[in-house]
Amino acid sequence: MSQASIGIFDSGVGGLTVARAVIDQLPNESILYVADTARQPYGPKTIAQLRAYALEVMDHLVEHDVKMLVIACNTASAAVLRDARERYDVPVVEVIQPAVRRAVRATRNGRVGVIATRATIESMAYHDAFAAAPDVLLTGVAAHRLVEFVERGETMSDELIEVLRDYLKPVLADGCDTLILGCTHYPLLAGPIAYLVGDDVTLVSSADETAKDVYRILHDRGLAATSGTPRHRFRATGDTELFERLGRRFLGPEIEAVELAALGDGPGGRLVAGSDEWSADGARPETGGGRPAAAGGWPAEAGGRTMEAGGRLTEGRETP
């Protein structure tokens, strides 16, 4: 089992930031990475769609005998983490808690900003994760357009700078000294983001902290590979040539080729033909297979607000 691969997945290239950190910190480990590019972006999707997509991809990884699952996507982590930990017999690692731990250590004035997809912001996953730090004031901004720029390989255009400038206004207006890049795509835009927020704001990416969690769990459970030549495999559900081109740019030479990921029926459900709903024995998620909001559903009224980690919501701004 120790020589089995670590399964990592994201909607696209963003999770490669996590894969890079895992490869660097655990050089003996093999990676099986799946990018669900055929159904990206995940941010605008419903909870039912996100659960369906994420569970199907993780079923695929487990069927290929991975020893650990890494949900390298904030949106999917918010939507499906509890389901995944109940469903699979392998450890499941996510990216939200590691980022929060780092931000709590980094902030000097107790004001932390989070830019993420709309689904992640509305899930209140970061609000819940900061519950142990009640003195921290969160400013959450739904920066949903940024994934599209990254997936096009557009990381320095004038249009991107203007979009970023608008998204970052609430963070700067609220005096945040720490900014969580709450989507694994966003570290690929760290250059222009750092330029716009200035040297006084610390940027927090979950990639390195997540890799530390991977290291700790593998060693604690006796699953770490101690020797051997690692084998890294990459798959995409959509355009493999595009993912290979962008992946080599963002990750490096570890991507030698990209295979098409053929996702079949998982053991606990299937995608209904012609729809985005998850079916488990014919039940729709809202009526038969769904979980309560605390497990990944998001209240509509929480979107685009400034959030206090102590449990109170205060009106903020929602950027377009």
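Each residue, glycine too, has its Cβ placed from N, Cα and C.
Unlike curated records, TrEMBL annotations are generated automatically.
As the structure is a computational prediction, the values presented were derived from the model and not from experiment.
In sequence order, THR75, THR117, ARG118, ALA119, THR120, HIS144, VAL147, CYS183 constitute the residues six or more apart from GLY43 (substrate binding site) in its chain with CB-CB distances below 8 Å. Residues or ranges marked as substrate binding site by TrEMBL: ASP10, SER11, TYR42, GLY43, ASN74, THR75, THR184, HIS185.
Listed in sequence order, the residues of the same chain lying 6 or more apart from CYS73 (active site, proton donor/acceptor) and placing their CB within less than 8 Å of its CB are PHE9, ASP10, SER11, GLY14, GLY15, TYR42, ALA54, VAL95, CYS183, THR184. Residues or ranges marked as active site, proton donor/acceptor in TrEMBL: CYS73 (among others).
Residues or ranges marked as active site, proton donor/acceptor in TrEMBL: CYS183 (among others). Reduced to three states, the DSSP call for CYS183 (active site, proton donor/acceptor) is coil.
Residues annotated as region 'Disordered' in TrEMBL: 274-320.
Here TrEMBL flags 292-305 as compositional bias 'Low complexity'.
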Listed in sequence order, residues with CB under 8 A of HIS185 (substrate binding site) and six or more positions away: GLY12, VAL13, GLY14, THR17, LEU146, VAL147, VAL150, GLU151
Nonlocal residues around ASN74 (substrate binding site), in sequence order (Cβ under 8 Å, 6 or more apart): VAL95, ILE96, ALA116, THR117, THR120, ALA125, GLY182, CYS183, THR184, SER206
Listed in sequence order, residues not in ASP10, SER11, TYR42, GLY43, ASN74, THR75, THR184, HIS185 with Cβ within 8 Å of the centre of the substrate site Cβ atoms: GLY12, GLY14, GLY15, GLN40, PRO41, CYS73, ALA76, THR117, THR120, VAL147, CYS183
